[in-house]
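Annotation source TrEMBL lists active site, proton acceptor at Glu106. Feature annotation from TrEMBL assigns active site, S-methylcysteine intermediate to Cys356. Among the features that TrEMBL reports, [4Fe-4S] cluster binding site is placed at Cys126, Cys130, Cys133. Annotation source TrEMBL lists S-adenosyl-L-methionine binding site at Gly180, Glu181, Ser212, Ser234, Leu235, His236, Asn313. If you look up TrEMBL, you'll see Cys119-Cys356 marked as disulfide bond. As annotated by TrEMBL, domain 'Radical SAM core' applies to 112-351.
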Amino acid sequence: MTAVPAANTADPSKTERTNLLGLPEAKLVAFFESFGEKRFRATQVLKWIHQRGAENFDEMTNISKSLREKLKEVAEIRAPEVIQQLDSSDGTRKFLIRVTGGSIVETVFIPEGDRGTLCVSSQVGCSLDCSFCATGKQGFDRDLTAAEIIGQVWIAAKSFNQLQPNGPRKVTNVVMMGMGEPLLNFDNVVDSMNLMMEDNAYGISKRRVTLSTSGVVPALDKLGQYTDACLAISLHAPNDELRNELVPINKKYPIAVLLDSAKRYIAGLPDTHRRITIEYTMIDHVNDRPEHAHQLAELLQDVPVKINLIPFNPFKLSDYKRASNNAIRRFQTILMEAGYITTIRTTRGEDIDAACGQLAGTVNDMTKRSERYRAKFDELQTVKIIAPSP
Ligand code: SF4
C-alpha cells in the first residue's frame, strides 16, 4: 500500500479559479483567448499538465513569469485526492480517490502484456441499480466533474512516472466502466474522453478508449456528434424479460431499441471494421444456460460485435453466485460456433477487491438505497430457522 502525493486538493467552494485539469484543448484555447492570450499558450499548458504532470504554474518554465502570475490568480490545477493505493499480487493497482464532498470513488489499472487498461469512474455511485452490481447498491450522490474524471488518468499515469519526460507508457487503454453510467454524465465524460485522445494531452488512440453504457438511448443517439471512441454495451441478458430484472433501465429502453442505437453509432464512425463490445456477466442459474447463449447468438446476428463473458464476482449485498467454469465455457463454445469472437474476462485484483462489479467506494448516498439494502441484508442474516417440535 503506497500513498500517492496528490495535487492541490483545496475545496473548490472556496475558490472561483478555473480548474484547467478538466479542460480539453478547445476549451483551454477559449479560456486563454478570454483574457487576450494566444492560443498556443493553451497547447503549452495542456502539455505541461497532461504530458509532464505539472501541478502548479511555476513548473511551466516556457511561460513568462507575468503570465504564470496571472494564471495563479484566475486558474488552478486541482486533481482529486488519492487516499489509498492498493497493489495486487497480479499487478492490478486500485486507487481510492476522495472527491469534493467526501465520497470515495475507485479507479483500477489492469496490466496485461504490453497493454495497461485503466477502468475509470464517471459518477459517485450510480442511479441505475443493476441487480448484479456493487456500485448500484451504493446509491447515487453526484456526477464527477471532467477534472475528476481525467484526474483519474492523470493520477494513474503519474503513479507510474508516465508523466515524466521519456517515462514508460503504462496506461495504454481506458475503459469508462468504473462506477456510474457515463452517458448520464454526458458533457463531462465527453470532455474527459477528448482529453484522453488529444495528441497534446494523452494521445491515446480512439480504438483504445471505450465508453460502456447500460443503455441510455437518447444520449447514445447523440454521442457520435462528439466522439468516435469505442462502444461497449452492458447487455447481460439475451431477452427483455431477463434484462428487465438485471438492468432496470431496459424497461425504458428495451434491447431492440438499444441495439439499433448502438448500430447507428458504430455505422457513423469514420473507420469501418469496428465492433461493439457486448459485456455479459455470467451469473449462476440466472443467465448462463445454453438456451441463453443460443438466444444471444440469434439476437446479435446482424450487429457487428465481439462478446466478453465476465464471471460474476460475488459481493456481500447480493445473493447471486458466479456461473461455473463449465457453464461459462459451454456458453462461449455455443457463441463461437455461431461465429462470434467471444472472450472470457480473467478475474484480476481479487485480493484488493478490484474485480469487475466490485467497485463500491463510499458514497454519500442521496437515494438512501444503500441503507435499504443493508437493512434488508441484516434482516436476512438474523432470520433464525426454528426446528418444529417433535
Ligand atoms: S452496472 Fe453500471 S449502470 Fe448498472 S448499476 Fe452498476 S455502475 Fe450503474
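Yeah, the Cβs are placed from backbone N, Cα and C, and that goes for glycine too.
Everything TrEMBL records as a feature, shown here on the structure.
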residue	record	DSSP (3 states)
Glu106	active site, proton acceptor	strand
Cys119	disulfide bond	strand
Cys126	[4Fe-4S] cluster binding site	coil
Cys133	[4Fe-4S] cluster binding site	coil
Gly180	S-adenosyl-L-methionine binding site	coil
Ser212	S-adenosyl-L-methionine binding site	strand
His236	S-adenosyl-L-methionine binding site	coil
Asn313	S-adenosyl-L-methionine binding site	coil
What recorded positions among Glu106, Ser212, Leu235 have a C-beta sitting less than 6 Å from any atom of ligand 1? none
Roughly how many angstrom lie between the C-alpha atoms of Ser234 (S-adenosyl-L-methionine binding site) and Cys130 ([4Fe-4S] cluster binding site)? 10
Within the same chain, the residues at least 6 apart in sequence whose Cβ is under 8 angstroms from that of Cys130 ([4Fe-4S] cluster binding site) are Gly136, Ser214, Ser234, His236, Leu246, Val247, Pro248
Starting from the [4Fe-4S] cluster site formed by Cys126, Cys130, Cys133, give every other residue of that chain whose CB sits within 8 Å of the mean position of their CB atoms, in sequence order. Leu128, Asp129, Phe132, Ala134, Thr135, Gly136, Lys137, Glu181, Ser214
What's the CA to CA span in angstrom from Cys126 ([4Fe-4S] cluster binding site) over to Gly180 (S-adenosyl-L-methionine binding site)? 5
Around the Cβ of Cys119 (disulfide bond), other Cβ atoms within 10 Å, all chains included, total 26
Within 10 angstroms of the C-beta of Ser234 (S-adenosyl-L-methionine binding site), what count of other C-beta atoms is obtained when all protein chains are considered? 24
Have a look at the recorded positions Glu106, Cys119, Cys133 and say which one has the shortest Cα distance to Ser212 (S-adenosyl-L-methionine binding site). Cys119
Average the pLDDT scores across the domain 'Radical SAM core' (112-351) and report the rounded value. 95
Taking Glu106, Gly180, Leu235, His236, Asn313 as the recorded positions to compare, which has the smallest set of other Cβ atoms within 10 Å? Asn313
